[in-house]
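Under the heading substrate binding site, Swiss-Prot lists Arg104, Arg114, Arg142, Asp232, citing sequence analysis as support. The Mg(2+) binding site annotation in Swiss-Prot covers Asp232, Asp256, Asp260 and rests on sequence analysis. Sequence annotations record features per position, and here Swiss-Prot assigns NAD(+) binding site to Gly290, Ser291, Ala292, Pro293, Asp294, Ile295, Ala296, Gly297, Gln298, Asp299, Lys300, Ala301, Asn302. Feature annotation from Swiss-Prot assigns site 'Important for catalysis' to Tyr149, Lys200.
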Amino acid sequence: MSTSSSTARTYRITALAGDGIGPEIMRVGRAVLDAVARQMGFALQWQEGLIGGAAYDQTGDPLPAETLKMAQESDAVYLAAVGDFKYDALPPEKRPERALLGLRAGLGLFANLRPVKVFPQLVGASSLKPEVIAGIDLVVVRELTGGIYFGQPKGIFTDAQGSRRGVNTMVYSEAEVDRIARVAFELARKRRRKLCSVDKANVLEVSQLWRERVNAIAAEYPEVELSHLYIDNAAMQLVRWPKQFDVILTGNLFGDILSDEAAMLTGSIGMLPSASLGSSGPGLYEPVHGSAPDIAGQDKANPIAQVLSGALMLRYSLDQPQAADRIEQAVEAVLAQGYRTPDLYSEGMTLVGCQEMGEKLVAALSQQQAQ
């Protein structure tokens with residue numbers, strides 16, 4: 001995980017608004033980040049790039065070379081959302097979502113962090129009981145570049161008798177496991193010092209190697225309490241009693257599933273940020289939710305996940321943890337005041353649009369400074 005020196009007071013950020021609600025939530029995210037930067041005495045130098053469907057429409061490529069170069073030369077990459085139903089008929093390599101794979105590969109990102117925190121004001125938004133939900137504060141650390149999505153051989157093959165079979169291969173090297181394990185242990189060391197590694201070591205040899213290497217890396221972090229769960233039990237425990245978890249470490253496929261399951265604990269995917277990190281270079285920060293083309297341009301989107309992704313950027317790439325804290329406190333303050341976008345609205349709350357939610361967040365930052 002890379003961090004810039006805190007003495008470098010101007011940070012170059014690549015902003016990728018993308019598709020659907022992306023431009024709306026990006027405007028809010030940037031406004032909040034600029035506000036906290038002014039308060040804390042540093043500056044953000046924004047550069048805008050094309051990605052996804054917006055890039056395809058203008059260039060014929062969902063990830064233009066100039067966008068990737070811009071991202072590689074920045075201190076961090078701030079992404080909103082890509083994708084739209086109208087691109088579904090395109091060949092796979094031209095679809096907006098393919099840009100994310102290219103961006104991750106081009107930036108050397110292998111660790112995806114999904115924080116899941118339930119704000120006290122939103123306990124009632126979850127479909128689970130309040131006593132199960134209240135106080136959840138966990139992070140899923142998912143390996144991004146290995147496992148069954150990338151292993152070879154892969155494909156659909158036809159044998160001599162004309163019978164077809166589909167093949168995918170789950171592969172992890174020791175080096176791949178070691179580097180993602182270190183990211184998770186470092187994170188756990190700065191949190192509540194509990195790490196749960198999730199695998200399927202009772203059946204899969206690849207998981208047996210995974211567990212062996214995680215145990216080996218654990219020796220470097222004696223202060224972190226390590227436990228292991230099989231993926232099926234982990235999925236069950238995440239719903240049964242999620243507060244038992246601090247940091248969850250797992251591979252690409254299992255992480256894909258568990259992170260979405262964990263996302264729904266909160267009751268709104270519109271609240272959840274994510275970070276994707278590499279060994280060096282800029283990190284990528286984006287909300288967990290998609291581009292929601294059905295509500296694009298209607299001022300209905302919830303910008304909080306975008307805003308909280310900005311807080312992660314401040315924390316992990318720009319070495320500005322106090323600024324990140326301020327943003328998170330502003331979100332909590334606005335929720336405590338009863339303001340809700342349509343996805344979170346309930347009787348007795350005050351309904352606001354995307355833009356007004358952004359204005360309330362900036363106002364909350366100003367109130368913090370005044371105090």
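The count begins at 1 with the first shown residue.
Backbone N, Cα and C atoms are what each Cβ position is placed from, and that goes for glycine too.
A gap of 15 Å separates the Cα atoms of Arg142 (substrate binding site) and Lys200 (site 'Important for catalysis'). Taking the C-alpha positions, the distance from Arg104 (substrate binding site) to Ala292 (NAD(+) binding site) comes to 22 Å. Between the recorded positions Arg104, Arg114, Arg142, Lys200, the minimum number of other C-beta atoms within 10 Å of a residue's C-beta occurs at Arg104. When the neighbouring Cβ atoms lying within 10 Å are counted for each of the binding-site residues (Ala292, Ala296), the highest count belongs to Ala292. Rounded to a whole number, the C-alpha distance linking Arg114 (substrate binding site) with Asp260 (Mg(2+) binding site) is 9 angstrom. Taking the binding-site residues Asp232, Asp256, Asp260 in turn and counting surrounding C-beta atoms within 10 angstroms, the largest count is reached at Asp256. Following the DSSP three-state reduction, the secondary structure of Asn302 (NAD(+) binding site) is coil.
The two recorded residues, Asn302 (NAD(+) binding site) and Tyr149 (site 'Important for catalysis'), show a Cα separation of 31 Å.
Put simply, of the recorded positions Tyr149, Lys200, Asp256, Asp260, the one whose Cα is nearest the Cα of Ala296 (NAD(+) binding site) is Asp260. When secondary structure is read from DSSP and collapsed to three states, Arg104 (substrate binding site) falls in the helix class.
Taking all protein chains in view, 15 other C-beta atoms sit within 10 angstroms of the C-beta of Tyr149 (site 'Important for catalysis').
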